[in-house]
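Colleague: Can you read through this structure? Questions will come right after.
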Amino acid sequence: TAPAVRFSPAARSLFDEPLGIAVQGLRPRQPVTLRASVRDEAGERFEASARYEAEESGELDLGRSPALPGGSFCGLEPMGLLWALQPQKPFWCMVKRDVQTPLRLLLEVFEGHGPLPGRLLAQGQHERIFLRDGVQRVPVREGRIRGTLFLPPGEAPFPGIIDIHGLEGGLLEYRASLLANYGFATLALAYYHYEDLPQKPAELHLEYFEEAVNYMLQHPQVRRPRLGLLGYSKGGELCLAMAAFLKNITAVASINGPVTITAIPLCYKDKTIPPLSWHEERATVNQSNIYDCSDILDDPFQVPDHQSRIPVENIEAKLLFITGQDDNLIKSEYFAIEACKRLQAQGKNNFQILSYPGTGHCFDPPFFPLNTVGRHPVLLKRVFLGGELKAYSKAQVQAWLEIQAFFNKYLNEK
């Protein structure tokens, strides 16, 4: 029989789910190279390859067979062809804004282990989707709020989460859409540079986020009175500020978020928290013109009662800090540790820190490609984000499960 690619599930799977990959019909011990590729919405190609040897039966199952040296990875890595995908255009970050369309994975099987692809033996395609059947996507234009609510299939009410992304602005839905597949009513919330929201705000107002909290708690399909917040980078900072000043926040997961206000002042009622000072002159630049900004922010914990610090000691919600030990943009692990010291000093033990080695500032759900370099939204320069491919791929899977378990525990309590 001719060689053939087999996927499990066969035709489509959730983007964050494991995918079984096998090739049948090879010769016993036949050397082959497998190449996986995906094109994002901008048409940019991401690619990974690995060298294998078929079993005596002529089958190659990536769940049993280790990859040989010479490809994007080696060893027993059933999902390696997905977590090792890297852009063919230097410094490109995967763009996925329309979660209603899949990303199409192309798998090609080539003969041999040469530096150039050998004869094409087989190929197969598989769709990686963001919405399970039955998940509803509801655009939200209520009052000032701009975002998208994802409602799971099944019997309402559902535990509610507001998902807030980083300083790049706009509306990103992929994390919220994936969470909805696991039973969470999730609001992807934009806060600037989107539709009629401010394009370049001189300040952010916590009342906007308070309106989003009230919207969720008044929604008939969201379980009251508990609400969860999930934020990445600047979004994590905003989630902590919401928990410090607003009511009805039960659980907060902050991914590589500062515990101070950064870049844009935050206002609430008659109070304004200024952003943390930074010093661009402290940045270093390498031969590729990539900036290292790990030391440009002031240390707010070296100054008693620093004005930019979020009063985390006031937070009653359960807190989950997820940090990359190789975060080269924000000293997120240090920030989390110092914040938890302040909570402890108040006699609180409402916190948990999960810190991942080999993981930089980029921290997406499983199988999103690693970005070790990104464009700084304020400096407008390419900056080093940190991270190492294999360690990051394991951190993605573990942290994603921990986030779901955290919200299940605290939002579903009787």
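Positions of Cβ are set from backbone N, Cα and C atoms, glycine also.
Predicted, not measured: the structure shown is a model, and the values here were computed from it.
I grabbed these lines from TrEMBL:
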type     : residues : note
DOMAIN   : 205-412  : domain 'BAAT/Acyl-CoA thioester hydrolase C-terminal'
ACT_SITE : Ser233   : active site, charge relay system
ACT_SITE : Asp327   : active site, charge relay system
ACT_SITE : His361   : active site, charge relay system
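Tell me about the setting of these features in this model.
Modeller: Taking a C-beta cut-off of under 8 angstroms and a sequence separation of 6 or more, Ser233 (active site, charge relay system) has the following same-chain neighbours: His165, Gly166, Leu167, Ile255, Asn256, Gly257, Leu329, Ile330, His361.
The local packing around His361 (active site, charge relay system), expressed as other Cβ atoms within 10 Å of its Cβ over all shown chains, amounts to 27.
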Colleague: Determine the mean pLDDT over the domain 'BAAT/Acyl-CoA thioester hydrolase C-terminal' (205-412), rounding to the nearest whole number.
Modeller: 96
